[in-house]
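According to TrEMBL, the protein has these features:
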{"type": "TRANSMEM", "residues": "36-56", "note": "transmembrane segment"}
{"type": "DOMAIN", "residues": "85-129", "note": "domain 'Homeobox'"}
{"type": "DNA_BIND", "residues": "87-130", "note": "DNA-binding region"}
{"type": "DOMAIN", "residues": "132-333", "note": "domain 'TLC'"}
{"type": "TRANSMEM", "residues": "141-162", "note": "transmembrane segment"}
{"type": "TRANSMEM", "residues": "182-200", "note": "transmembrane segment"}
{"type": "TRANSMEM", "residues": "264-284", "note": "transmembrane segment"}
{"type": "TRANSMEM", "residues": "304-329", "note": "transmembrane segment"}
Amino acid sequence: MAALSVWFWNERFWLPHNVTWADLADPAPGVEYPKAGHLLSALPLAVGIFAVRILFERFIASPCAFLLHIHAASVHWRATPNPVLEKVFTSITKCPDSRRLDGLSKQLDWDVRKIQRWFRHRRNQDKPSVLTKFCESMWRLIFYLFMFTYGICFLWKCPWMWDTHHCWYNYPYQVLTPGLYHYYVTELGFYWSLMFSQFTDIKRKDFPIMFIHHLATVSLISFSYANNMLRVGSLVMCVHDASDFLLEAAKLTNYAKYQRLCDFLFVLFAVVFFITRLVLYPLWILNTTLFESWEMIGPYPSWWLFNSLLLVLQVLHVIWSYLIAGIAYKALVRGKVGGILVLKWIKLFSPINPHTIPHNDITIPHNDITIPHNDITIPHNDKAKKIKLKYHIYIRTLYSVLC
């Protein structure tokens, strides 16, 4: 074990040339440098953060959700217990294709439609409730907002916030301050807690990307602390926290059905995300880690590792930006934002009068919607002044078409 530790902490890998661990082990009185052993305190802190999260979701987030009329939805239709279908669902696929459906139909002597219905009901059983999503997002909103506020307040007084060359002056003999230590260890503890909880949290489509992101983040925080790259590391953390709380706020308003506020927050999140991850991060962070540090201290093995992880994050930023742009496009052009704007436009003409709505301005694709004939009464006489069309039915129909 000792030999493995010596091999792993090889100073020729972690430190610049002509610098040894002994140089950092015995600083002057009143001066302290980062030590890898400090990072061990992040593990019990991660457990504590996870425990606080459980209490927060139960005693704070859940009551807030109830005030907004968000409750744990019960599953109306449960799949009939069937060992064969359950085995296929858990170990093979949750959405069987037509070939597998035909095989299961012959094996069970069930109609294909019945099997499809079983899989649909079984998938619905595993869907997390809106209450669960709300509590998870509220916890992340509070923590991200707290860490971003703390980071801004701390970095505002630091010279490397305004001139990134200070990240490399006198490196690696840079003093560890209490504020920087608390910032780093708290962020590391939080991401360790996410590493623990991501296997029990809501599974989303970007789960593999998020797993890589958390792994890269924990590695970056740990490695940058070990070789005293805390100054530039604090900038990286602050940039990443700038947009995360806006996304969680948009999710909360979506769960609470405040759609216009949700649309505004999502657009604000997208703008901040693009600015911080695609502009500030490469032009501010990567510029100093790749070029300024090269000129001032020169490359060494862990320098390549550190910058490789930063570039991995940038690749993830590009992927997420593409996904966010796609969501924003659907929301603005074909989705809910457009529907909200049209609904607001329609309300300008209330009370409903068929002669005041310019029907040439709206194209309704008749193949996209089926209108129950019992809900709407169409007058036989086109010149009739009285129309038997309820206000809320008309609004709902147009909104569902244009959304």
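Glycine residues also receive a Cβ, built from the backbone N, Cα and C atoms like all the rest.
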Check your understanding: By a Cβ-Cβ criterion of under 8 Å, what residues six or more beyond either terminus of the transmembrane segment (304-329) are in contact with it?
Key -> 206, 209, 212-213, 216-217, 219-220, 223-224, 227, 229, 236, 266-267, 270, 273-274, 277-278, 281-282, 285-286, 289-290
Point to revise | Tertiary contacts of the transmembrane segment (182-200), as residues 6+ beyond its ends and Cβ separation under 8 Å | key: 38-39, 41-43, 45-50, 53, 143, 147, 150-151, 154, 207, 210-211, 214-215, 217-218, 221-222, 225, 230, 233-234, 237
**Study point:** Integer mean pLDDT for the DNA-binding region (87-130)
**Key:** 87
Study note, to complete from the structure: Checked against DSSP, the composition of the domain 'Homeobox' (85-129) is 33 helix, 0 strand, 12 coil
